[in-house]
Amino acid sequence: MENKRIDTIESALEDIGQGKLVIVIDDEERENEGDFIAAADKVTTEMINFITKEARGLLCVAVTMDRAKELQLEPMVQRNTSQHETNFTVSVDAIAEGVTTGISVYDRAMTIKMLGDETSHADSFSRPGHIFPLRAMDGGVLRRVGHTEAAVDLARLAGCSPVGLLCEILHEDGSMARLADLMTIKEKFGLKLITIKDLVAFQMRRSKLVQRAVESNIPTAYGEFRLMAYESFTDQQNHMAFVKGDVSTDEPVLVRVHSQCATGDTFASLRCDCGNQLASALRMIEKEGRGVLVYLMQEGRGIGLINKLKAYNLQDDGFDTVEANEELGFKADLRDYGIGAQILQDLGVRKMRLMTNNPKKVVGLEGYGLEIVERVPLEIEPNAVNKTYLETKRDKMGHMISCSCGSGNH
């Protein structure tokens, strides 16, 4: 598709600020879905009527985590097993003059506008209802590359309340509208069409999730590195980057994005391969003479140390690593790579050879505009303790592991 058919973020923000709809897709290079997005506080009955006729999808409203707490919008389910981790809350209807069943165009428009009205409170809504709020991650598209976060970011950047209306666009036959369909809608109704990829780049230029606080030379058993410590504005953690050589050139850089594992990295636990992967990555960077290891404080694939140990207890009772997380009410992997991407951006990394076995990590980092020219395997020979763990990562989480772990029937 020609890029000239994709509108600028600035032009879309102008339209949103004027109370218009825009179409948002993931990336112009992909045959993916598109959503109508607008600022919730600019919604009209005419807009909702148009969306129900032309989009045919589910009317949702993206809110910040703080706004969800203010309005007491609790998660729809305690155990979210949705494929894309969409953070639905309980559905709502507005309690207001003229609102009856909640399903009419007027009723839904009122509910959406009131969700975007800062004077609304928890008692302004009945539950369940006909509008589905979604909780956006703090940090927006720089933390999660999704339409939910895009809706909040776009509303905020347009000078509106940071609450966004979004609705998937379906084809007339009920299937998902694809790129050609979305372009037809764009031209027919004179709407702006933008990509989340461009929004991420726009936010990368103007918003920072992390700030480099200090750096120092660190001699290690694997070699000498420059250690950069970063302060995070979203999770209040201190993250690190071990840097070898000049990584700010156009030549692809050997990179490892490693999440904290205190038990494996520090105490050499045999339950996982984390410590061995960390050591191997540092050795490979030292041998290369140039590279980066980003160390993110995302213990236990993002569930924290205490929950990780609870998961270990469940594994001792027969659960695998995925089942244990789900039994505790978590997804198999809660990590996000927005912070890691910003650290790499700060270091000047443009192209990378990424050391990972995890396809989600490749997709996650590419979503932030980083170019991965090669995936470098980082396989560790299993031991008697972690054999089943590695099989589960391969068979259930899609990790690209070719080691002799057995049949995987566990």
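From the backbone N, Cα and C atoms, a Cβ is placed for every residue, glycine too.
Per Swiss-Prot, the candidate among Thr249, Thr321 that belongs to the GTP site alongside Arg256, Val257, His258, Ser259, Gln260, Gln277, Glu299, Gly300, Arg301, Thr356, Lys361 is Thr321. For Glu299 (GTP binding site), the number of other Cβ atoms no farther than 10 Å from its own Cβ, over all displayed protein chains, is 19.
Across the annotated binding residues for GTP (Arg256, Val257, His258, Ser259, Gln260, Gln277, Glu299, Gly300, Arg301, Thr321, Thr356, Lys361), the two most widely spaced Cα atoms sit 23 Å apart. Straight-line distance linking the Cα atoms of Arg256 (GTP binding site) and Arg335 (active site, nucleophile), rounded to a whole number, equals 15 Å. For Glu299 (GTP binding site), none of the recorded positions have C-alpha atoms inside a 10 Å radius of its own C-alpha, out of His130, His147, Glu168.
Residue pair His147 (Mg(2+) 2 binding site) / Arg301 (GTP binding site) shows a Cα separation of 23 Å. On the 0 to 100 pLDDT scale, the region 'GTP cyclohydrolase II' (206-410) averages 89 in the predicted structure.
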